[in-house]
Structure formats: C-alpha cells, structure tokens
Amino acid sequence: MHRLYVLPTLLINVVIIAIPALLTVMLAFFEWDGISDPIFVGLDNFRALWGDSVFWRALGNNVIWTIIFLIVPIAMGLLAATMMLVARRSANFFQVIYFLPVIIATAITGRVWQGMIYSPVTGITGLVQRLGIDLANPLTETSSALYGIAVVDLWHWWGFLCVIFFAALRQVRAEQIEAARVEGATFLQTIRYVLLPGIMPTITLMMIMTVIWSFLVFDFVYILTQGGPAYSSEVLSTFAYRSAFYDLAVGKAAAISVVISLFGLAATVLYIRVQAKEFDQ
Amino acid sequence: MKKTQLLIATALMVTVSHTALSQAALAQDRVTWWYEQATPDQQKLIQDHIVGPFNSANPDEALTVDYRGSELDKQLRVAMLSGNGPDVVYTAGPSYVAPMAQSGQLMPLDDYAAKYGWQERILPVFLKMGEYKGKLYALPKTYETVGLFYNKTLFEKNGWQAPKTLDELEKTADAMMQAGITPFAAGNADWRGANEWFVTLALNAVAGPDNLNKALRGDMPWTAEPFVKSIDRLNGWWQKGYFGKNYFSLTSSEQTADMLASGRAGMMPSGTWQFQNVATYSKKAGSEAGFVGFPSASGDPVFPLGVGSTFSIAAKAKNADGAAAVINYVFSPEVYGTMNSAWQGEWNIPLKDISNVKMASEVTPLFTETMKNLSAAVNQGNYGYTTWTFLPPATDSYLINGIEEVWLKKISTQDFLTKLDASFQKEAKAGKAPAVPAR
C-alpha cells in the first residue's frame, strides 16, 4: 500500500520527462520538419553532424564554457564565502548584494548588459569610444563574443555559488576551526586543511552540476548574440534550437539534444559514483 | 434577512444575464485567428478597424483575435499537428505555407476565391505565390520591397545625386567614407535576418531577377557566375567598411534610422517597413529623407518583391466559412486605407485596384509614392525576388548565418554558395520550396 505514495511523482515524471525524452531519442533517427510525417533515416543525422563544422565549433564552445565555469565562479564564490566567514557582521549585507543578480530575470540582465554596457551607441563601450579609445563591443568580434557572453553569465551566476558555499562553510564545526587556531594555523592553512575539506561534497556537487548546466546553456547566448557573429558563439543548445525552429530539421535538432544529454549523463554517472564512494567511507 | 434576499436576487440576475449572453454567443459562430506580436496600440488598431467592423457587418460571426507574440509560428505548428489550431492560419510567409499544404493541414481556397471573386481583386502574382501543386492555399497579407533610403539634406549639402548604377553607388559611398560619414546605416543586433536584406539587394542588383528566377526554379545552380559576382561585390562593400564598424551592435530599425536622419550615415539599404521610423527620426533631426529603387548594373532600379505574412484556412477549421469571410473582409479598400495609414508597411494588402483607397493625411507622400511604384512594377512583371519570400526555410537560415562567415573571412564566396546550393537542392527535392511565378 505504501508504494502507492510514489505514484503521483512517478506519473508526472513519466509524462513530462520520460516520454518526451524517449521521443527525442527516437526522433534523432528520423528526418522530420515538424509538420509532415517523419522518415526513418538511421544514423544519417549523426553522420551529418560529424561532418558539420558548426557542430564542432558549438561543441568546442561548450567545452570552453564548461572550463570557464568550473574555475572562475567557483573560485570567486569560495573566496567571497570565506571572506564573509571572517567578516561575520557584514555577511548578511554582502550575501544580499552578491545574490541580487541571480534573482534578476535572464532576459533583463542580458538586455541591460547589451544596451547599457556593451552597446557602442547607448552603453559604456560607446562612452569609451567617444573619449577616443578604440574599444570594440566584445559581442561583435568572432574572437571575443563567447567570452563577452560568459562575463554576463558569470556576473549573474557567481553570487549563487557564493551563497551556497557560505551556507556549507557555516556547517563546518566550530570546534575544528577553533582547534586549528589553537594549533597555530594561519588563515590560509585553516582554509586549506579545515574549511575546504569540510565542504568538499558541496564543491563536488556544484562542479558536477556546472558541467551539466554548461552543456545546457542557452538563454544568455540566445539573447546576446544568437550564436553569432558567424557562428563564433554558437553552443549546442542554440544550434539545436535553430535547427528545429528555423531550418525545420527537427531530427537533426533531436540528434544534437542527444549529444547534449550524453555529456549530462556522463556527469551524472560520475556524481553517483562519487556519492557511492562517500557512503562507503 | 433583507441582505440575504438581495444577494439571492443579484445572484439570480447575474445567472440569467450570463445565460442570455452565452446563448447569444452560441447563436454566433466563433472564428478564431492567432496573430503575431503586436503592441497594445497595434492591437487596438486591429480591434477598431478589423474585428469591430467585421463583427457588426456579419452578425452571425464572432471574430476573436488571439495575440501569440513572436512564438506564433512554433505554437501554430504544434497546434496544427494536433488539429487544435485556429480557423484563420496566419503564417510568417509563403515558405511556411508549402510544408503545411504538403502535409494536408490547410484547406484549398479555390472555391472561396471563386465565391468572393478574389481573382479579380487581388494582384495575380500573389495568388500564384500562394499556390501549391496547382491549388490556392494562401493569400499574402502585405507585400514589401527593399531599396535605398538616403539623407536628402546631406546629399544636397554635398552635391551628391541619388545613385542609379552600382558604380555611382560605390563612388558616392567612397566620397562619404572620405568625409567620415558611414555610407550605409545598417545593423543586425535585434534581427539577424537583416543580413539577408543586403544579400537580396546584391543578388537582384548584380545577378538580376532573370537569373534569380532560373535559380529559384532549379534551372541554374546557385554556384553560377552571376551569383558569385553578387556575393563578391557585396563582400567588397563590407570589406571597404560601407556597413560601418558597429553593424553587429546596432538595431536594424530604430538606431539605423536615427543614424541616417542625423547624417552620421548617408544611405540606408532597407525595406518599406522602415518608412515609419525614417519619418519619425527625420522629423526629430530636422532632415529630409529620400527613397529610390536600389541601383543596378544597368541603371534601372530593381524592386525585390517580398511577402510579409499569409492567410490560410486550417483543414480542420471549425468555422471555415467564417474564416473565409474574415480573409475576404481584410482584402477590402477600407481595411487597406485605415490599417495601412495607421500602421504603414505592415498592411500593404495586394489589391489590384487601390484608386478608391482613402489614406490618412499624415502619411508621408514618399511612402504612398513608393507603394504606387512598387504596385506598378509588380503589375508589369518587373520585379525582383527577396530571399525570405522565395527560399525554403533551411536555405534561408543558412544564407543569413553563412554571409557573416563570408564577411568575417571564415569562408570563401564559393564555399558559401556551394553550401547554399546543396541546401536549396535538398529542400527543393523534398517539395519545400515556395511557388515562383513565371516571368
């Protein structure tokens, strides 16, 4: 009888997640314009992706994105969180400040950066240009577009990690920190030998989630550059979106989505294994 | 006690009037129409000039317009697939009609065309464009063209003439570059599709409409010499800096119109949809704007023809007759006059005879004049082709993104055209290419 309790969530999961996911995997083997009847084409969609330079660029951009987000926001978050731990009194104030960008809608954040900072007409870039300094809008150069978007996402994102890490740090037992201090540990040594090991599970989880989220990134890229100029900031999700809704190649889009899911799946497997190891200990 | 009685009486009255209302609504046949993005002011225009007058003129029908925003196309596709779409199917252009007609989601309109006499009232080219396998499936709502806006005040001050040939265009543009003026006010920050306006102009001006017609019918590959020359010439303009250094940062509509009106740019290759912005910003800057057909190699202006949106009726429409009545109502001189005056360029309905149309007095003569020229050019069969109207979806999407790769030197003109041609041939073979009227 108690097994019935899982039924509602199971039902929602099957209808909203399992069935669409299965359909997507199936569609990856079909050619479909989203309107007429799908035609089975076997591995053709994957073969086409293999030979498509845009696909490789998008995949490469996702990898670069993942590396950036594994390092920069986590480092920033950890640094700010430990500093808040020291300056307990102002911690609440800083938490609010750091967290603020997280709660602003992505579309608004994107437009603010595009219009007020990057735009050569209405933004700070324009102001600098008018002062005679040759500064280009980073979103318009193929060499910097992806990084220009990453800066916006970092600004929006790192505060979240900071608050999570701060919450975890506060769970580290006070006696341990006290003991370290009594033993004569410096601030850096306390971080290295007490705080960081204390919150390692949280850091691991955040890193694994970062890998999954980085392969799903869509909103900021789509709002700021739509993958351009000349595909330079294309990521897998914007590529899939364009394939499905502009090129009417839903099968190809499904194939790209399957690739995205594979990376997410790998990260999930890794997470489960890490977790299992912790339970064993 | 009295309070309770009052409450009961009110409740009863509300129920009775509600029932009466719903019965009245039942007596009418609902016609549904999903519209794209529209501002509250624009929605009011549709309400005042289409929905209101239509419902009073047809007491048996009740037209409701549902605003679906910029995602209309995607919503429509899903709804049509499940058979729950609106009666009036409003697509973004003929390239969307072919796949829908192909899979039997649309109703042939030939009987309604005969009943309402559409053949006599609508420009024949457009009826041809709405055909799929010999049957009529769609009517275009508005037609448009791309040409060259220029800052007349600036031109007069510098003694420049509106260019007629491509060589003249380049000479004027070079003079502007020397004077520190950006030749073309252009940008794509808000609309990547703006890229194809310039590709369209180059293809029509250099290769010419005849070659385009052959390519669109599959009689000539896109890798042929005339198209190579077109893309090379366009790329030459880009490399010389005609498009300015902020192309990817500027919005295609307002910021470019501002640039032209203020004299920071001398010319603006753009479409008839820009008239309203040009008028607004010219007034603000105190300058006068001009508009000419885009220069060509021969010196005769080319007017590439574009269709904004189309009307069809869903095969599973609950009220097909009502939907046909609505479409018929839109194709009237009254709607043309009121809507095209208030919302210029977006309601340029392709009527054969617009001599009875009354336009509002505040419409600029430049706009009215241009639309007359375009209508005459179309009537004489002397028009070019816009890529967004005549190319199938994936080919068009590649054209928009691929041209950036050419401009930014990631690929050559040949690579670009080879990929474009491969995509076109594949889609044409699958029956996804829109109809192209014979020349």
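A Cβ is built for glycine as well, from the same backbone N, Cα and C atoms used for every other residue.
As recorded in TrEMBL:
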type: DOMAIN; residues: A:59-271; note: domain 'ABC transmembrane type-1'
type: TRANSMEM; residues: A:7-30; note: transmembrane segment
type: TRANSMEM; residues: A:63-86; note: transmembrane segment
type: TRANSMEM; residues: A:93-113; note: transmembrane segment
type: TRANSMEM; residues: A:154-172; note: transmembrane segment
type: TRANSMEM; residues: A:193-224; note: transmembrane segment
type: TRANSMEM; residues: A:244-272; note: transmembrane segment
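Counted over residue pairs separated by six or more positions, the transmembrane segment (A:93-113) shares at least 3 Cβ pairs under 8 angstroms with the transmembrane segment (A:193-224), which defines the two as touching. As a quick check, the transmembrane segment (A:244-272) and the transmembrane segment (A:7-30) clear the bar of 3 or more Cβ pairs under 8 A, pairs 6 or more apart, so the two touch. Among residues of the same chain six or more beyond the transmembrane segment (A:154-172), those with a C-beta under 8 A of the stretch's C-beta atoms are 68-69, 72-74, 76-78, 80-82, 84-85, 91, 95, 97-102, 104, 106, 109, 113, 194-195, 198-199, 202-203, 206, 220.
For the transmembrane segment (A:193-224), the list of distant contacts is 62, 65-66, 69-70, 73-74, 78, 82, 85, 106-107, 109-111, 113-114, 139, 148-149, 152-153, 156, 161, 164-165, 168-169, 171-173, 176-177, 180, 185, 233-238, 241, 260, 263-264, 267-268, 270-271, 274, 278: same-chain residues at least six beyond its ends, Cβ to Cβ under 8 Å.
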